[in-house]
Each structure stands twice: as structure tokens, then as C-alpha cells.
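K.L.:
Following this message is one structure expressed as C-alpha cells.
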Amino acid sequence: MSTDTFRLTIGQLNATVGDLAGNADRAREAWEQAKTAGAQMLALPEMFITGYQTQDLVVKPAFTEDAVAAIEALARDCADGPAIGIGGPWRNRGKLYNAYFILQHGKIAARVLKHHLPYKQLFDEMRLFDRGPISGPYRIGPLRIGSPICEDSWYADVAETLAETGAEILLVPNGSPYHREKLDLRMGHMVSRVVETGLPLVYVNLVGGQDDQLYDGASFVLNPGETGGCDKVVQLAPFTEELAHLDFTLTDDGWRCEPGKMAPQPDAWEQDYNAMMLGLREYLRKSRISRVLLGMSGGIDSALVATIAADAIGPDNVRCVMLPSEYTSQGSLDDATDCAKRLGVRLDTVHIEGARDAVGDALAHLMEGTKPDTTEENIQSRLRGLMLMAISNKFGEMLLTTGNKSEVAVGYATIYGDMAGGYNPIKDLYKTRVFQTCRWRNENHRDWMMGPKGEVIPPRIISKPPSAELRPDQKDEDSLPPYDILDAILEGLVEKDQSLSDLVAQGFEEETVKKVETLLYGSEWKRYQAAPGPRISTKAFWLDRRYPLVNRWRDRL
Ligand SMILES: Nc1ncnc2c1ncn2[C@@H]1O[C@H](COP(=O)(O)OP(=O)(O)OC[C@H]2O[C@@H]([n+]3cccc(C(=O)O)c3)[C@H](O)[C@@H]2O)[C@@H](O)[C@H]1O
Ligand SMILES: Nc1ncnc2c1ncn2[C@@H]1O[C@H](COP(=O)(O)OP(=O)(O)OP(=O)(O)O)[C@@H](O)[C@H]1O
Ligand SMILES: NC(=O)CC[C@H](N)C(=O)O
């Protein structure tokens, strides 16, 4: 065997949390391909055997025992061929580690332990795992490989120690979730590691969805540059499963990877749309649900959710339901029909006036003497939820909710009403971005979309003023600030953790800023009961931002 070349196959693959046998099968298939391609090693992402993130499941000893048994079986099955690097949990002397297992000649030949445990944003690994010591490099054939595990590569020390102890390349297995512009952030850290160590770096990321998280893949390889910088020589596409065979050659300056595939990276609008679509597709597939339904009001939010659903699982698997009352305008009826037709999805109609009157009659003796208020509006929303859940139960279709991030942030939705449902594809998309996303989808079609090409969202739906149509002539802007102002204030409070005085200094009115803060803190309890949805920002409402449900603190101005 040559001592100055090395073929490394990387698997940018999709693992399912808890499906140990299924994940091991995927690893075996990839190994067969690596073997056929003459590779000396197959590298899989972080925690590939268990899927990622496992949350507290990994704390259960029976689960980690099963995971390690699956890794040992994989080692035995793949004894004769390339080595395998695969992520999994490792329990030893009362401690639990996030580890990378190196399988060779039928056995676990080495174990690398994660040193830096991420605990910010959506991560809580300090709570789950023990911090491992910095592990040294391992040898496969002619090559000494160092493997900082994901977060380990965001700091200088692990890579530096590996370089000092003889690593000749850095192979970084990752479970790195998507958010807007994440690739640039990762690239910044990885370029630093290459410049500091002078070693080539292979970044292998998971792909697929897990709960609210999207793993976008987008794996890449960096070679050290001649003048102290570095060169990207391989870039895989985001959001797709892919195996790549990387050829390393020993040069006078050390090991270098031959240039390979350079997949273009789509712009942020496309990546966000892909993430929301894949988030829904993956949540359904991994939950073994094949059909969805949603209430289609003729408004923009439900139109976008219907479009994402049609793209995710095909128009034939999406049912839209119009549930009109006397406040529903002819325009809304026409727009819902038009949108459903353009998307090729089924549209049913269920009237709510009769049920609403029946509820009103049943409650009349208690409500006597009270004035109409949001109570009556919420009854309509709840009746829609009830009807939609009945259809869901009868036909096995999961109900989607349709609240955008601006509404979710201020609690502008009815609990047990339009909040009823299992998954919300636009939960992390501010309303101002909803408009732009609809325009983007109307102008762009990709082969990963199962819905039709063209202007699938009627332009009128995009241009009309948003309304909940729960009373005559109602407009969202009657009770909320205009969405451009609302979203800018929310981004300040949520994404940037700014103070009210920061926002007032930026020119927002004191009264508006205070109102938005009151609505945001006052609706924490609602979000706790809300459906999950794909995370596309750095502060999604779920694991990124964990606020008390009871909270009397308000910022001073
Ligand atoms: N901390 C807490 N923990 C648990 N429950 C709490 C609570 N605080 C109030 N509650 C309960 O929650 C109830 C109030 O919540 P809820 O019933 O939802 O009602 P509420 O938030 O008062 O009203 C719903 C709002 O959403 C708007 N909306 C509704 C539907 C669709 C849209 C749209 O355009 O998308 C907008 C509607 O115009 C209205 O402003 C109270 O009756 C109270 O019992
Ligand atoms: N007439 C209706 N028929 C069917 N579903 C409805 C109807 N009205 C409201 N809904 C459901 O409740 C959700 C919240 O609706 P609402 O119209 O009150 O506010 P919205 O946030 O502006 O949403 P949209 O932009 O979809 O209208 C809608 O997205 C839809 O799923
Ligand atoms: N799994 C990890 O360690 C991920 C943490 C890392 N900072 C990332 O988001 O990419």
C-alpha cells in the first residue's frame, strides 16, 4: 500500500435519533461504498450512531449500552476494509463522554473524547456529558489523524495540541445545526485552525432534521495556503446527503487534499426556505406521518405554510380547509381557492357559523350582560381548531399551525384555537420575511421542491393588509405596531438582547417599545404550549431562548 497517498471517504449523512440499527445500516452501506472506492477510511459525523441531539436520552445507561453495542457490531462487520470514524456516547468509570470511535480490524482501535462541551444557544452538553481530556492523534495506514469533535474546533487549544503531538491532518466530525449564514461562521473558525496549525482540515457535518433543528451538511475541506492562509478545495452542497472520496497526497509541505467538488452555496433566502421545507419533511418522515392539513384563510401565512407543505411532501398529501364565518370576505374565499388551485392541493370548506351560534346559545345564560370582546373572537378560532383536529383524527393528517415569528413573539394567536397543531414551519420567520419568502418562492423553483413551479402564491395575497377576520374590518395593525417596526423591535429584544433605552435611542417610540416588551414577556406561557418549528435564526423560541413563564421584571426606561 502506498505511503504517500490516502483516500478518505466522508459521509455527509442523515441519522435518526434513537434508530441505532438504522443508523448502523447507513454506516455499513457507506462503508461498502468507501471500500469499493478503495478508501482507507470512512469518516461519519458526530454522534452518528445515536443521531443528534439526543437530549436526556443519552443519560439512560440502557441507551448508551445499546449504542456502544451497535458500534462494536459495526466494527466486527466491517473488519476487512477501510477504518471507520463514527460518533457515539462512551460511558467509563461513572463518566459519560461525547466520543468519536475509530474502528479498525474488527475492533474499536481508538476513542477520541470531546473536550469543549457546547452550552450556549440550543446546546446543553455540560448538563449531559463529562468533559474529556484532549485526546491525541490516531494512526490509519500512513496518516496520523487528529479529531477535534465539533465545538472542540471552535477553540485553538485542541487543534494546537493535536498538531504538537503529531497529527498530520485534522478531521472534524460535526453535529452543527443550521442558522442563517452559519457556514460563514464555521468557516471563520476552521480557517483559524488551519492557519494556526498549518494542517489540512476536513469538516464533516450531519444532514437532516431533528425536532426543531436542521443539520445542513455543507461539509468542506481546507488546505493550508502557500502564503500562510488557506484554500478551500472541496465544498459539498447544503441539505443533501452525500458521500465524497477525498484524495490526500504527501507533499514536501505535508499532506494536501486534491481539489474536488465545489458545490455553490445558495443565498440566505433559499437556504432558509430549504431549512423550513426540510424541517417539516424530516419531522413528518421521522415521526412516520405522511399527510398534513391546515386552515387556509386566504391570508399570507397559511398560503406560505401550504406552499412549504406541498414542497415538502407533495400537493397530494396536503389538505387545506377554508372555515368561513360571516366576517370572512369574498376576497379571502377567492384568494384561498386561487392559492389551493395554483398549488394543486385539495381545498375543503367547513362553515363555523352554526357551531359558533350553538356555543353562543349554550353559554348565553352565563354571558348575559357582558360586552362582546376577544372571547367571541377566540371562540371562532377555537372552533376552527376543533374542526381541523376532527379531520386530523379521522384521516390521520397532522395539523400544521401557521403563526409567524412576530405573532409567536407577541402571543398574537389563540391558545387551543389557531395554536392547535403539531408543527409550525414558519415559527422562526418574522412577518416581514414572510412577504419576501413568498416572493422568493414565486420566482424560484428547485428540484428539491415537490410543489409546482411558478407564481403559486397569488400576488394579491402578498399585497393585501393582514387581518385575522375575527370581527368586521379587523386589521392586524389595529392592535399591533406596523410589522416593519414590530419586527425591528423584536429583533432588538430577542436576537440582540438590547435594552429598551437602546431601542429608543435607535428612534423607536417609547410607548411602542414598552408595549412590545410587555407582549413578549407576557406570552412566554403561550410559547411553552406552542407547536415546534424549524430553527433558522440564532434565537428560535425553544432551546435558544429559555425564559421563565412567570416573570415580573420589566426593563426600566
Ligand atoms: N400565564 C398564563 N398561563 C396560563 N394561562 C394564561 C396565562 N395568562 C393568561 N392565561 C389564559 O389565557 C387566556 C388568554 O389567551 P387566549 O385565549 O389565547 O386569548 P388572548 O391572548 O386574550 O387573545 C388572542 C389574541 O390573539 C389574536 N389572534 C387570535 C387568532 C388569530 C390571530 C392571528 O391573526 O393570527 C390573532 C386575537 O386578536 C387576540 O389579540 C386567558 O383567558 C387566561 O385564562
Ligand atoms: N376563514 C378561515 N379559514 C380557514 N382557516 C382560517 C380562517 N381564519 C383563520 N384561519 C386559520 O387560523 C390562522 C390564523 O389566522 P388569521 O387569519 O387569524 O391570522 P394570520 O396570522 O393573518 O394568518 P393568515 O395570514 O394565514 O390569514 C390562519 O393562518 C389559518 O390557519
Ligand atoms: N455539536 C457541537 O459541538 C456544535 C457546536 C458548534 N459551536 C456548532 O454550532 O457548530
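Including glycine, each Cβ sits where the backbone N, Cα and C put it.
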K.L.:
Which of these, THR165, THR402, THR414, THR432, does TrEMBL list as part of the ATP site with GLY295, MET296, SER297, GLY298, GLY299, ILE300, ASP301, SER302?
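P.N.:
My reading of TrEMBL gives THR402 as the candidate in that site.
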K.L.:
So, by DSSP, how many helix, strand and coil residues make up the region 'Disordered' (460-479)?
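P.N.:
Per-class counts: 8 helix, 0 strand, 12 coil.
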K.L.:
For CYS150 (active site, nucleophile), find which of the binding-site residues LYS182, SER297, ASP301, ASN378, GLU407, LYS526 come within 10 Å, Cα to Cα.
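P.N.:
Near CYS150 (active site, nucleophile) by Cα: none of them.
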K.L.:
Short question: which residues 6 or more past the ends of the region 'Disordered' (460-479) have a Cβ under 8 Å from it?
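P.N.:
Residues 297-301, 303, 325, 327-329, 331-332, 335, 338-339, 377-378, 380-381, 412, 431, 435, 438-439.
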K.L.:
Nearest to SER176 (L-glutamine binding site) in three-dimensional space, by Cα, is which of the recorded positions GLU46, SER297, GLY299, ASP301, THR402?
P.N.:
GLU46
K.L.:
If the criterion is a C-beta within less than 6 angstroms of any ligand 2 atom, which of the binding-site residues LYS182, ASP301, ASN378, THR402 pass it? List them in sequence order.
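P.N.:
Those binding-site residues that pass the cut-off, since their Cβ is under 6 Å from ligand 2, are ASP301, THR402.
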K.L.:
Cβ within 8 Å of the ATP site's Cβ centroid: which residues qualify beyond GLY295, MET296, SER297, GLY298, GLY299, ILE300, ASP301, SER302, THR402?
P.N.:
LEU294, ALA303, VAL305, ALA306, ALA336
K.L.:
Using a 10 angstroms cut-off on Cβ to Cβ distances, just flag whichever of GLY295, GLY299 is the loneliest among these binding-site residues.
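P.N.:
Lowest Cβ count within 10 Å among the binding-site residues (GLY295, GLY299) is GLY299.
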